[in-house]
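Have a look at the structure below, then the notes.
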């Protein structure tokens, strides 16, 4: 009986989020028309409650439900950062959704179900639970991307995402099925133990690793599996894009940890070489093609591909320090992307999407504070000290050099310098170009403005004092290998 209760105790945050997602849906159904903010308020309460429950679990470890669920340091820390990302999206979203007539409870319900999918992925101890979490996240994302039915671009982006996402899920599932056929178990720890005794030349095992790596690369947005990313980021409502660029990246990182580190560490040399190729291609494609973009959402999409390349440097290192630096980079990228897309949301207004880089011309004259915040974001993405983006890049470079991949670090540094161009171009447009004649007024939004200020200034504060966040990420990854 005590063991049974302990199993449910481990999963209390997930149960809380699932229950509250249903409550938000029902509350919006019965009272949503009269109380327009009800769903958003309940969502914030859900995230706050989940954070409290997760904090109470800190320090505990174990498995539950016959190995389907794993509670460890990484589970707790990754879930906390996921709550933060979804909270920021909710705070940024209100005026944008109201202006477009889509401020409805379904948006927040889908966000909560997507969050639940991330939580299940992060805590998955079995191929089955990891895949179920992945599909829950993916289905919620497809619906969110196509939610704005009046937008042809959103509908088109949703269809593209669905078709390519289904293909990637199929690849991942096929790789998992091959692993199951080889080992006869779904438990990732048992799979890892069985793989130690297998030869690297086993053809079925090679195919399994390739298919799983391809599926993970798609979910991350790593090149050459990035085809969906620019179109979906550009076509989706900016609120949804802000979500896609943040919390799901933590979930994708969890896929690597659970499937390749926990489940395939015995075959590290095999999947490491695949990720070396993914890293180089992502760095080149993301940073070079972003230079040619005039649409800022599309530019940030290609920059995401580049950032994924930097994050994969830590994965390639394959050490505990490398994985911790990769997790640190993922968290920092999440904060940077939230601030970047949050600024696009603030500059947009009813009937106008601030999607072109030219829409930010003269922002320093129109809204000096917003321009300053956006400058911090761009500097952090470029890796300019003293922003936290610099320390994130430095951490992965140190890890990959320590692992013996000096040439890979050199490639990363060169492409970081190239990538700085398109970030600094946005700063130049804001400070040195005159506002366009049709620029219009920026509508005041106190809640989103306060959230953006905290988000952007955090990039500067964490750059001056990176130690606590870095230590927290290292704490999460301790003992993973």
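Glycine is no exception: its Cβ is also placed from the backbone N, Cα and C atoms.
The transmembrane segment feature in Swiss-Prot is assigned to 11-31, 38-58, 107-127, 128-148, 162-182, 203-223, 237-257, 271-291, 327-347, 370-390, 401-421, 457-477 (among others).
Of the candidate ranges 11-31, 38-58, 162-182, 370-390, 457-477, 162-182 has the most C-beta pairs within less than 8 angstroms of the transmembrane segment (203-223). Under 8 Å from some Cβ of the transmembrane segment (107-127) lie the Cβ atoms of residues 11, 13-14, 17-18, 20-21, 24-25, 28, 39-40, 42-43, 46-47, 63, 67-71, 74-75, 78-79, 82-83, 86, 89-90, 93, 97, 133-138, 140-141, 143-144, 147, 176, 179-180, 186-189, 191, 239, 243, 247-248, 250-251, 254-255, 258-259, 262-263, all in the same chain and six or more residues away from its ends. The list of residues near the transmembrane segment (401-421) in space but at least 6 beyond its ends in sequence, with Cβ under 8 angstroms from a Cβ of it, reads 276, 279-280, 283-284, 286-288, 290-291, 303, 306, 309-310, 313, 316-319, 321-322, 382-384, 393.
Within the chain carrying the transmembrane segment (11-31), a Cβ under 8 angstroms from the stretch's Cβ atoms is held by residues 38-39, 42-43, 45-46, 49-50, 53-54, 57, 64-65, 69, 79, 104-106, 108-109, 112-113, 115-116, 119-120, 123, all 6 or more beyond its ends.
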